[in-house]
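According to TrEMBL, the features are:
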ACT_SITE  333  active site
BINDING   149, 151, 176, 314  Zn(2+) binding site
DOMAIN    50-190  domain 'Phosphomannose isomerase type I catalytic'
DOMAIN    209-294  domain 'Phosphomannose isomerase type I helical insertion'
């Protein structure tokens, strides 16, 4: 993988995304022996086997529109004209999936699971996550950069939810993994000490806002000191930049733009400088334009993945991806957004370190998304003919064996999200 990423060692939920072509196998469905003889299950017992789902579309302004949006194409909303930013597949109450039915009825996946969670999720998952699906599966179509943000760990999520429930709407953490479908660009994690020193040497506008004291500490820091000192210096400098007044930020950005416009005739801009100028056009006067110098600029090719743990800074810039995360919508923003910014919380929560990606395998209850192509899906209790085509979404209960066969001229490409094997060890 040619990307840099961050991770959290405290994440309890392992997240994984797998790309499958052709057939996939499982472990087989094992139902409780007394299930068919329990009279309490007869009137409202959920259908057995795999069922089709309808995902929920989120129409955020940064999303792509029409045929240019993978989300719109998968959801069949290319004619509506609204931005189609995210397709949610899961049980989060903000946009829960529903069971697809010919009569137009809408039974939410959350309601369906509640009817018999042990059989559908497996007893271990049911006990650990109170009968709910522990992950949220998404497709993103990013036309405009998202905010510079981080997601809290469990302890912080609980505290924020208790303090400001209208802003932080659940008490869960949100580690996430993204697999690029197209070329995908992002800012993720802090740059190395050497790159940060280069920024302080060559970007006077950032150096001015950080201040002489922190600049000296960072410029004299040693990368091999265990990282403790460097992290404290980095936190001080980054916090000072993010807390700068709007007027001072706007002035610094204006100076940066003028300087670069004057230098374009005598040198070639770096990729980071080109990015910063692009961000400035979209978010003029925003501190996120300058803070981009602090972050790794990551470009993923289709099929490459990025894992982002709790308390790690990131911002998706452009492209389309499939994403899997814990069931949460907690976002702490600090730049590149007109939305509420919680700068103090973000600057205090970050780890100020980098780690390599963690890519995990997926057994247990899961959701399948057919991205392209057509084929057949075979599983115990499949209620219909088993046709699988572009845009179809399926929930697969725990311990259910699934086989997929491609048909037609093209290949069958699908993504699967679920509870990974580490939880069951």
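Placement of Cβ uses the backbone N, Cα and C atoms for every residue, glycine included.
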Check: same-chain CB within 8 A of Zn(2+) site center, minus 149, 151, 176, 314 = 150, 174, 308, 312, 313, 331
Closest by Cα to residue 333 (active site), out of the binding-site residues 149, 151, 314, is 149
Here the mean pLDDT of the domain 'Phosphomannose isomerase type I catalytic' (50-190) is 91
Near residue 151 (Zn(2+) binding site), which residues of its own chain have a C-beta under 8 A away, given they sit six or more steps off in sequence?
-> 173, 174, 175, 176, 308, 310, 311, 325, 328, 330, 331, 332
Tally of helix, strand and coil residues over the domain 'Phosphomannose isomerase type I helical insertion' (209-294) according to DSSP?
-> 63 helix, 0 strand, 23 coil
Counting across all protein chains shown, how many other Cβ atoms sit within 10 Å of the Cβ of residue 333 (active site)?
-> 21
